[in-house]
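Read through the structure below, which is laid out as structure tokens, and then see the notes.
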Amino acid sequence: MSAPATSPSAPTRPLLAIETSCDDTACAILAWDGTILAEGVLSQTDHAILGGVVPEIAARAHLDALPALVAEVLKKASLTLADIDTFAGTTGPGLIGGLIVGSSYAKGLAMALHRPFVAVNHIEAHILTPRLPSLGADLHFPYLTMLVSGGHCQCVSVEETGRYVRLGGTIDDAAGEAFDKVAKMLGLSWPGGPALEKLATEGRDDAYPLPRPLKGREGCDFSFSGLKTAVSRLIDTQDPTGSRDALPRQFAADVAASFQRAVADVMADRAEHALALSPNATALVVAGGVAANKTLRHALEQVAANHGIPFFAPPLRLCTDNAVMVAWAALERLHAGETPNEIDTAARPRWPLSERTPATPEHVS
């Protein structure tokens, strides 16, 4: 069976990517040079009333949403599936149900059209996002990335495409997870990070002397469980019943601001240590969902300024999960001369950056 003919007006070698690692269903099409031809994201709302992401519900929602979303993105780009040169999908790390749904959908399209499939590491996609040409950043290897999201918190030296040195990571909670849990303690809506940041604008960030775990210590690891516990005990002084309905607004705002400042201080300290270990770093980058937090951005921007290097952060829409970053990560690999066809790779909830591609099904651990 021969592959369908492409339309004469199709841009050179467009790549379609799918992202379903958590609760956002996303699809994007990029041209070979990284130009964004079209993109779309559907955020699931069912989890809000449940106070967090339910993996089974998320996976089912991805399955329901993908056909229409892919069709919509193709229409925006004035393309058909036959015009797509390569398909890509997030294959890990993340929630296994969603990963299987999204990567299998992309693989199915690739197989039906006799096109290659690129298995993309979700963390790698976040790390490479600031190099997207349309962002206009003059970002060159090597650079240091502080990856801060709900599921991940890592400090990574980005040597080149496919070569990453993990300098440190969280030993307990990720920063985004801590944001969500503290927001829940304060009775805020889910997702907690944006709600907490908004409330913090009404408070004083020096109102409560919260701990800065691991600050000043050697290494680049993070720890946020102790900070989270300190916040819980502080809130209990005002609300011993745990109802969270009776918290004074100003108290809650001061707690939010103090917590946010503590996290930013820890991240800045860890970045300082990481830069000391990476004297050749050309820039400091922050990426991941929590990178949308303005206080965190400002703290890391100041660290970069202290070291005389530029600071880069993706626009807010590319900090949270999206398919543009997945498509760009796949293109970065293709630009580097790789010719992957990873149709047999298996989705997996854990996928260290040190492993080039996830294991085949019989070798998944």
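Including glycine, each Cβ sits where the backbone N, Cα and C put it.
Taken from Swiss-Prot as is:
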type: BINDING; residues: HIS122, HIS126, ASP321; note: Fe cation binding site
type: BINDING; residues: LEU147, VAL148, SER149, GLY150, GLY151, ASP180, GLY193, ASN293; note: substrate binding site
type: REGION; residues: 340-365; note: region 'Disordered'
Spatial separation of ASP321 (Fe cation binding site) from GLY150 (substrate binding site) - C-alpha basis, Å: 11
Residues satisfying Cβ distance under 8 Å from ASP321 (Fe cation binding site), sequence separation of at least 6: GLU19, SER21, CYS22, ASP24, ALA26, VAL41, HIS122, GLY289
Binding-site residues compared (HIS122, HIS126) - highest count of Cβ atoms within 10 Å: HIS126
The one of LEU147, VAL148 whose CB sees the fewest other CB atoms within 10 Å, among these binding-site residues: LEU147
In three-state DSSP terms, the structure that SER149 (substrate binding site) belongs to: coil
Binding-site residues listed as GLY150, GLY151, GLY193, least Cβ neighbours within 10 Å: GLY151
Near-site residues: Fe cation, ref HIS122, HIS126, ASP321, CB cutoff 8 A to centroid: GLU19, SER21, THR90, GLY94, ILE123, ALA125, SER149, GLY288, ASN322, MET325, VAL326
Under 8 Å by Cβ from ASN293 (substrate binding site), counting only residues of that chain that are 6 or more apart: PHE179, GLY193, GLU197, GLN260, ALA264
